[in-house]
Structures are given as C-alpha cells and as structure tokens.
C-alpha cells in the first residue's frame, strides 16, 4: 500500500496545534541537497511529500532557492505541484521549467485542473501548455475556457458517469464493472432521460447495498441540485454548503448534462470567497499574497490608503471649521480622537456583521428592517454606556462638568450613527450590485469620522463657548 | 424520483446572482398560512423545502411568528431542521417543541448530528434529547461527548465500512452486497489489519472498476491521512483542504480505527473557522449572529469597545503632553487625526494579511524574516508616497512649509511603525499560543495611534516651536 503520509501517521499524538506537514528540518535537508547539487538526494527527500506541500515549500523559499530547486528537481516536477501553487508563482515556475518537463507535467493533469492552471496565464505560456496536451484534452480545455471566468462551466469536470433512468441496480452495476474507463473520482451515477436531461443522483454506496432488481429511480438521493453552466461559482459553493452536496450535475442551456461539479472544487471556491472577503474588508487587494513583490504589495494597498486619505482630509476639514473653538479649549483637541475612534470601531463591528450576514444570505428583505432597528439599538446601548464612562474620565481629567456632558452626548450620537452607517451602507451597496466587503469601509469611516468630530466640536462650540 | 428541488431546477436560467433558494413570496405564503392557522396549507408549502432552508426561514422570522409556525407545523418538524439551525436559536425552538415531537425529531438523526446538536445545550434540554434516543445511540452520543469540544472525536461518525487488508476486490464487493446495513453516506472502504489499525482507503469507484481478483492493497488511494481522535478540528479541516481528502479514518490512542470524518464535516469546520476569523478581526464576539438579542449583541461588542477606549485614552494622553504646542498652532489639531488614521489603516492591512498567512500556514519560521522585511519596505514605500502627498496638501492648506515637512516625516514614521506592528504583533501572539485574529487589533491600534500622534506632535514641537 502507499504510505505517502506514514511519517505523520505513525505519531500516535498526531499533528499538534501549529504543526506543519512540512517540518523545518525537512526544509533544511532539502535546501542542503540543493546546495550540494545532489539530485538523487533531493528526489529522495521530495518523494514522500504531497504536491500541495511541495507547492507550499516553493512558496516559502526565496526566488533564488526556488529556481535552483526546480531546476535540480527537473523531470520529477509534477503537474499537480503547478495546480497547487498560488497563482502569483505559477508564471515564474512555468518560465523556469524546461519545455519538455512542462509538457509532461501538464499531460498528467485532469482537464479541469488544466483549465484552472491556464486561465490566468498570459498568451505565450497558455499556448505552450495547450500545445503540450493531446488533441482531445486540448479541445476540452479550450471548450471550458469559453465559459465565463467564475462560472460553473469552468469549475466542472466533463467526465460523468451516467445511466438511463429506467435501469435497475443490476444493470448499473454490470455497466460499471464492464466500463473501460471511469473518472478518477466519482461519487454518484447520474440518471438521465433519453435527451440527456439529468433526473437524479444515485450514490455508489446505495447502489452497492441495493438488490439487483431495484429500479435506480427508487434509490435516488432526496436532495438533487442541478447547476446551469453559466451559474456563478459563488452560488454553486453556497448551494454545496447549504445542502451538503457531494457532487452535482451541470447542464447547458437546453438542460442537457455537460459535466459534474464535486465538493472539493466547491470547497476551494468557498475558501477563496472567504479569503477575498477578509482581505477586501481590510482594504488589501483581493489577491494579496506573501509572494507578492514589495511593489505589488504597496500598489495593492495604496488605493485603499488613498481613499482613506480623502476621508481623513474630509474629517480634518470638519475640525478646521472649529479651529477657533479648539483654540479656546485645547482639551477638545485632546479628547476628540476618542469620540472618532470609538465611532470607527463600532462602525467596523456593525459593518462586518452586516457584510457576513449578506454573504451567508442571513440578512434578507424579510428581516432587514428588524435587523437595522436592532443594530441601532445596540449602538444606543453602547453609546450610553461608553458615553457615561467617558464623561467620568473627562470630568476627572479636565474638571469641566459641561465638557463631560458634551463628550457623553457626542459619544452617544456617534455610536448610533456608526451603527446606522455600518448596516445601511453595506445593504445599499449590495442592492446596487457592488460588493459590500470591498466598498463599505471608506463610506462607514467617513460617516463615523465626520459625525464624531462634528458632534463633539459642534456641541462644544454651542454649550461651552 | 424525488424532486425536492424541481421548483429550482426547472428554471433553465437557474439561480441568478443574489437569488435565494427561499423566495420572498414563499415566505409570505407561509406566514399567511400561519396567520390563518391552516396546518394543511402550511405543511404543503413547507414540504418541498430543504431542512437548511426551513432553518434559514425560522432564523429570519421574528420570535412571535417563529413560535406560531413551529407550533402549527407540529409533528412535521424534522430533526434535521434543528441541526441546521444556528446555535443561538436551537434552545428557543427546543423549548417550543412538544416533548414527543422533539423525541421523534432527534431519533431520526445520525449520531454525529445529535452530538453537534446537544453539545451546547444546557443540562435539562440535553437530558431530554438523550433520553429520547435508543440505548445504542445514546451510548454513542455520550461516548462522543467525552472527547474535547473541538476534537476529531466530536466530528467523526462511528459508522465505518472496513475490509481486511488481505481481501480482493471480489471479496469486498460480495461483502458490501451482502451487508445488512451500510452508512447513509460513505466514500471509502477502509482497509484494516487484524488489530483494526487503518492501512489504506479504497474508493467505491475504484472498487467498481477493478477486476475481482485484484488485491485491495493494489488499488488504495495515494493520499491517506489518519487523524488521532484528539486532533483539533481546525487541523482536520486544514488537512482536508490541503490534501483534497474526501473521507479519512480516525484512530484512538492505540491507533485503532474508531470512526471516520467526511469532507462535508470538514467543510463546515472550515466555514466556521473563517467566520470566526472575520468576526474576531472586527472585534465582534465569535458567535455573533443576527438572531442575538440587543443585549447579547451589545455585550459581545462592548469588550472590544472598552479595550479600544483604553487605547484611545492612551493616545489622548500623548496629545495631552503636547497641549501647549497645539495651543500655539491649531493646524496641528486639524491635521493630527490624518496621520493616526492613515497609520491605523496601514496597520490593519498588514495585520490582516499576517493573520491570514498564519491561518493558512503560509507564514512560517522559514520565511518570517523575509516577510517582515517585505512588510516594512511596503510601509516605507507607501509612507514616502503618502507623506509627500500630504505634505503638498498641508503646504497648500496652511502655507507653512515646515509643517509640510513635519507631516511628511510623521507619516513615513507611522507607516513603517504600522507595518512593523502589523506583522510582528500577530506573529508574537501566535507564537505565545494566543489567537492573533482575536488579540492583534488593540495592540496594533495602540502602536499606530501612539506613534502617529507622538511623531507628528513631537516633531512639530521640535521643528516648529
């Protein structure tokens, strides 16, 4: 049997938290072999590693070591490693590989993996890879590339196991036993009518455990979801997660079966969507990764920083209006960032909850009004609590009772505005078809900063001057 | 055949973006039936819905409607709906259900779903559910509950299909065909030695397509990962994602097979981990959800707001030191929030990238030094760019060239400090065993605020006064 992971399995305590599949001493040994230019040793060390771990290893090395390793590893370089590499590095590695090594590597891949690999490459590299494929595979890949980039058509594999819906268990089993070639991984037999419209899924387990004369239609899965080939992959991933699907057929515009999507593809999409949300919420470019160069990373973040600069200048203009007031009482300058900062935090909290609830489809037209009211109430509750707390601090610090009143009221107003902005802005963006994770931040910050400074300084000018 | 989703499948254009499985008009019709107290109509309307959609529906209703719906739905209430409900609502619904309805509902569930259901309930509700189970199931659930809360043992199902490792394909097929009862869902036959140590996985597809006299050991999967029963579920989810596992055996301390984890459980864990990271990064309690009451939500966010208040006061103390300087030049009060805000943003960007890289295990001891240097360089690049930009704005706005110089230098210093804090703080917390997503925010904000105000006002006091 294959013991690809025996070096892990034999630890009876298993992976401990923070443990990596790839140990530091493994990396050191590999780099030592590279330094020594010892190909045999390198291949021996890499042999037990999963392609995903090799990809991680390459991502963690610096460019120089990475290049030397790939060159020394040479013919052993496997197509799956390319699939597992993050997009930013693929071009670099493909450029390093010898043309015949690259050709061998990609010929081993399933057609949906090749699609995933080539879709982001530039023309010459794409040609090189497509040229290496056998005719049938190339046609399949080119066909898949005609579907939009984030569609079910790009995600699916074309190899499907089908059976006519009138078959019995016995007929299906005999067919499978006789079949020349079955896909590497498949979980269902898809029942189709004579026009290739998918009609149900039968699991292999159910097939195995049913009597030969049972009709397949009697043992289909309760849950059966079919995806149109143009369906967005995010919706596909949502449905897999929501309905606990394992595999699901994909149909073309006339409802004919053209492929099947499996849960591991859906899991990858879900993972990417989450990653995107987190990075977008923080104002980092979507595809930020540790292998980006300094220039790429700086560029990815500069846009958001620039938007934030405009927001901050806007807030400063508000402060500028009250320059005279601040001149009369410098305590205002000392305290004002507290009001804005608390508002900014509360706004981010509400915004994050809202963005998540929209992404998971928990926030709908049905409960929108109630949720908005709840958020505003939460803002009011925390506004009262922290307003009072801050009033005590201000009174104790500066000994001006009216200043304490002003900051308490400003705090309350800012917390409520933050809650309102934090929920209404993402909802409005979502309805306008703009990703709320991407665009909410600057708007919410503007609201909390402007309201925070205006409420505090305006009240101070009115009450204290 | 079962057409549970036919009302979706027949749309040839399928789900459009932003479409929900549950349409607004469906909800309206259901509520109308509840209002009319029309049980037959309600059951007819709910019948085509998946348990996950019914759970979503319940989550979106207000407490009053929810209660009336559950009471009217009565005996039709399915155990799976409970499984799909978010934790916050389970107790409420369980309290509404009649005891015999509840007992029927939970008896239909698989033992791992019951575990998931009862683990967060309080004692009396837990007892009620355990009491409703048949003896064998109750023992299984109680056994599972002895494992730590986020362990592989809680996640696994105990029903496993095993075969002795010396069997042939023919023997395995005959065994499966004869088996009285097979699990609802299974994807692999696990090969075991005489001491029940798992030795390999054979997919059902491979079994189907191999000749009867083939040894099972010849067709095992290349990738075979075994999890100890105490392994943390986050590591399990990571391995499923990393190695594209579909199911994997779980072993006890003497390496004996005790259960199996399937990809759908891993997908759920991955989803929860992501959710947790996003909410923690925003300083919202881990388990914040739209069904929380106002009080619960306010409480969940108050802790972070309180920490932020302390941070903000600390920053204000820095400002207080320079009150005299501000008094001499009120422009400083107007501009200082810009420096701090830009620092805060840059810090959040770097922190988010770092927290994600730690979570995905892309940031390791191997590349730590290089990544820190890269982040600091990114901070310096953006510091120079935005420092110059802001210098122009300040010079134009206030007409004081030295003020422009001061803000440029303060901006540069704050951006570099933000980058350094944004990467070093999460890494240090991670090494100390503290979740960086949870705790990094306050520290990073403190660094950026204090450095921002101190650099700007300090430089101003030194250069301008």
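For all residues, glycine too, the Cβ spot is worked out from N, Cα and C.
Keep in mind that this is a model prediction, so the values were computed, not measured.
According to TrEMBL:
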type: DOMAIN; residues: B:156-218; note: domain 'CBS'
type: DOMAIN; residues: B:219-276; note: domain 'CBS'
type: TRANSMEM; residues: B:302-323; note: transmembrane segment
type: TRANSMEM; residues: B:329-355; note: transmembrane segment
type: TRANSMEM; residues: B:376-398; note: transmembrane segment
type: TRANSMEM; residues: B:404-429; note: transmembrane segment
type: TRANSMEM; residues: B:441-464; note: transmembrane segment
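Here the domain 'CBS' (B:156-218) is broken down by DSSP into helix, strand and coil counts: 18 helix, 17 strand, 28 coil. Residues 335, 338-340, 342-351, 353-355, 358, 363, 368, 371-372, 375-376, 378-380, 382-384, 386-388, 390-392, 394-395, 435-436, 439-440, 443-444, 447-448, 451-452, 455-456, 459-460, 463-464 of the same chain lie 6 or more positions beyond the ends of the transmembrane segment (B:404-429) yet place their CB under 8 Å from a CB of it.
Long-range contacts of the transmembrane segment (B:302-323) within its own chain (CB-CB distance under 8 A, at least 6 residues past either end) are made by residues 283-285, 332, 336, 340, 441-442, 445-446, 449-450, 452-454, 457-458, 460-461. Sorting the domain 'CBS' (B:219-276) by DSSP state (H, G, I as helix; E, B as strand; all else coil) yields 26 helix, 14 strand, 18 coil.
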